[in-house]
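Asks: First, the structure itself, so that you have it in front of you.
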Amino acid sequence: MSWLERYVRPKIKALVGAKPEVPDNLWHKCDNCGQMIFHRDLVANHHVCQHCNHHMRLPAEQRLEMLFDDGEYDRAELPKTPLDPLKFRDRKRYSDRLKEAQSKQDTKTANKDAIIVAHGKMEGRAVVVAAFDFSFMGGSMGVAVGEGIVTAAHLAVFQQAPLIIIPATGGARMQEGILSLMQMPRTVIAVQEVKEAGLPFFVLLTDPTTGGVSASFAMLGDIHIAEPGAVIGFAGRRVIEQTVKETLPDGFQTAEYLLEHGMVDIVAPRTQIRPTIIRLISLLMDGKPVDMAEASSDKDAAEGDLDIPDSAESGPDKT
Amino acid sequence: MRNFLDFEQPIAELEGKIEELRHLADTGEVNIADEVGKLQTKVDRLITTTYAKLTPWQKVQVARHPDRPHFKNYVSRMFTDYQPLSGDRSFADDHAILGGIGRFRGRSCVVIGHEKGGDTQARIKHNFGMARPEGYRKAQRLMELAERFQLPVITLVDTPGAYPGVGAEERGQSEAIARSIELCLNIRVPLVATIIGEGGSGGAIALAAGDAVFMLENSVYSVISPEGCASILWRSAEEAQTAAEALRLTAQDLEKLKVIDRVIKEPVGGAHREPDEAVDKVSDEIEAALTDLCAMEPGALRARRREKFLAMGRHGLS
Ligand SMILES: [Zn+2]
């Protein structure tokens, strides 16, 4: 969509009048239960269906707003990476695909690629978050995304802050060929640096987390939290079906399935993710005994006003 | 019976003729030394010219050639006192990834690699070189063993990719690969990886994040198979040739991209023509690399390996 279309089209629609039965900007249909949800309710409910609790994909920006105190955060500037390093062309030029994806992004928050690196506070403590943007070429990981994760890791070490990465991705960016495969070792090194600095590394697995992303940093977190129903796995469903020629078990590759098979620690509903991470950060980093009277005066330890130690040295040594 | 690829048919025909003439000569009917000599010169020239200008798709075929030397061929020629080691100590022994310990040109080393299998029966046993989580976990175990005894690690990569199956997913294929990559990057002993055939995606990088990464001249290394890429991006598996070109999966392109350190020359006509010679060429390069890497301080070695990968991909093909 061009700049012109983006700004003019809604007005044209308003003049012509969108289809009166279901104005698509007002109602959403749940892709799980098929029920209609009023747009305002959907936003208030963080894109979780109020009828069936289905967790729909949440845009990266809204994800970040949900995590940080008062929804406020700063975006880290990401280093420039070569655009279309292989001069790749399938039915379309990759450089055109990139431009198209970039033009669809909100100009205020243009990401340039499928990742946003943000830093801010969670319960008053500095935290770095790298969130994949699934709407940008399926959240696929190429050099720019890899560079985003390396940047996020460096920033976390610099700020002595925990790192949270939120994948929402189909895997490697095929159009960057071997260079996208090389993002697997690169991102593994990045998160290792965070762990070696004694800082917690959380992975929040959202729908979907597959392929080369799931087979690299996303399975190396200190703690893995997944959203209900999220598809998480190495190989795609179709590829498996074609290979093994058998029906896949119920709930195959869902967050719950991974929990049962020992690959994630927690499956948490969207609204519980922020308090869960806050509680875990405190437990991991504030290892010294706290004033129990004060802590228990608050119902939820995560919301408690715990002493923040002066350095990360009190955290567990992860090397 | 030698296996010939499609583009090798003219070579096959000439060699067939030579064979026939030799057979006639054996029966004493004619003296054909001259004719055979001429034909031999012709076929040699044909092999050289054919192999000098292989397309990426043809290289994919050569990389997958059934007669190409596999892990077992390498190990039996490279090592003395070789002791295969089995199992992941958790679930099973995977036959798609083999490993063991042995003496390579005098030096005790751990060797790990994919085995595709040489005939139909073996291919089934080794699951065509497609490992399940157990394979990667065995590799991790062996890398840890190497580190404990300060032995260098040699990996030989030859896989279409990690196995896409229900059990593999159930047992954490992703985690197993991720952990293998992590260990490659973590160990404080030299790791020399060589792509000897097919370097298929995550299943390959799981063993290939090394201090030195080599590729045989006609091997390929890619994020996805050309067939898989074609069916996704072109919506047609027929476009595999086009995808093979677009993906830049040849050893020569990867060297330009600085993803690998060196291309190892193959015998004329490909590694499958002279398997022993191919193995020896690979051995020479590995030995030279090990001599340099073993002289490095372990911490510096590890830091250098990590910096090398971090720097990768910051520039494209010029
Ligand atoms: Zn619903």
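A Cβ is built for glycine as well, from the same backbone N, Cα and C atoms used for every other residue.
Unlike curated entries, TrEMBL annotations are predicted automatically.
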Asks: According to TrEMBL, zinc finger applies to one of these ranges: A:30-52, A:122-144, A:145-167, A:214-236. Which one is it?
Replies: A:30-52
Asks: State the count of C-beta atoms found within 10 angstroms of the C-beta of A:CYS33 (Zn(2+) binding site), not counting that atom itself.
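Replies: For A:CYS33 (Zn(2+) binding site), the 10 Å Cβ neighbour count is 12.
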Asks: Is it possible to list how many residues within the zinc finger (A:30-52) are helical, extended or coil according to DSSP?
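Replies: Breakdown, helix to coil: 6 helix, 4 strand, 13 coil.
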Asks: Measuring CB to CB from A:CYS49 (Zn(2+) binding site), give everything in the same chain under 8 Å that is also at least six residues away in sequence.
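Replies: Result: A:CYS30, A:ASN32, A:CYS33, A:GLN35, A:ILE37, A:MET56.
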Asks: Show which residues of the chain containing A:CYS52 (Zn(2+) binding site), separated from it by at least 6 in sequence, have their CB under 8 Å from its CB.
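Replies: Correct list: A:CYS30, A:ASN32, A:CYS33, A:GLN35.
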Asks: For Zn(2+), what surrounds A:CYS30, A:CYS33, A:CYS49, A:CYS52 with a Cβ no more than 8 Å from their Cβ centroid?
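Replies: Checked against the 8 Å cutoff, the neighbours are A:ASP31, A:ASN32, A:GLY34, A:GLN35, A:ILE37, A:GLN50, A:HIS51, A:ASN53, A:HIS54.
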Asks: With every protein chain in view, what's the tally of Cβ atoms within 10 Å of the Cβ of A:CYS30 (Zn(2+) binding site), excluding that atom itself?
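Replies: Counting Cβ neighbours of A:CYS30 (Zn(2+) binding site) within 10 Å gives 18.
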